[in-house]
Amino acid sequence: MYRQTQDFLADWNNAAKGAKKSIEAITEEKKTVAITEGHNSLEWLAWHLVEVGTTFGKWAGFNMPTPDEKPDTLIEIAKVYEDVAHVFEQQITDLQDADLENMVPAFGSAMPLGNLLRILITHQTHHVGQMTVLLRQAGLKVPPVMGPTKEMM
């Protein structure tokens, strides 16, 4: 659980940068790649990061952009993701550390805001990890998300 807004902000900026790089690495030709038929595709995962950010942001009480529908291109999805990520950066700076103890609605219950923000980053990291595997499977360049990739060593 985050207890200081600056700690969340530092983690969020790093995580959002890696997620955006992963979305930008997806090509239109390979966006339908999935581990196997019927599983989440690269495009689905990219859009899911937008949906998760929007949902968690609303639970946090932030004024989030609400896209009407999934854009047609990965370039547009990356832009919407960047907008959502920026809202977190802006609105967290308006909070005091004590606000992270405030209970917010989430998952049909309530939890401290600092816990919700930790789950947001963990959930996003989980899906970015899935994306890196699918990027490699698709023959695309895997961006450095949490450090250098094998190809960079």
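Here, residue 1 is simply the first one shown, and the rest follow in order.
Every residue, even glycine, has its Cβ placed from backbone N, Cα and C.
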TrEMBL annotation, divalent metal cation site containing His123, His127 - matching residue among His39, His48: His48
Same chain, 6+ residues apart, C-beta under 8 Å of the C-beta of His123 (divalent metal cation binding site), given in sequence order: Val52, Phe56
Same-chain residues at least 6 apart in sequence whose Cβ lies under 8 Å from His48 (divalent metal cation binding site): Asn40, His127
Beyond the site residues His48, His123, His127: chain residues whose C-beta lies within 8 Å of the centroid, for divalent metal cation: Leu45, Leu49, Val52, Gln124, His126, Val128, Gln130
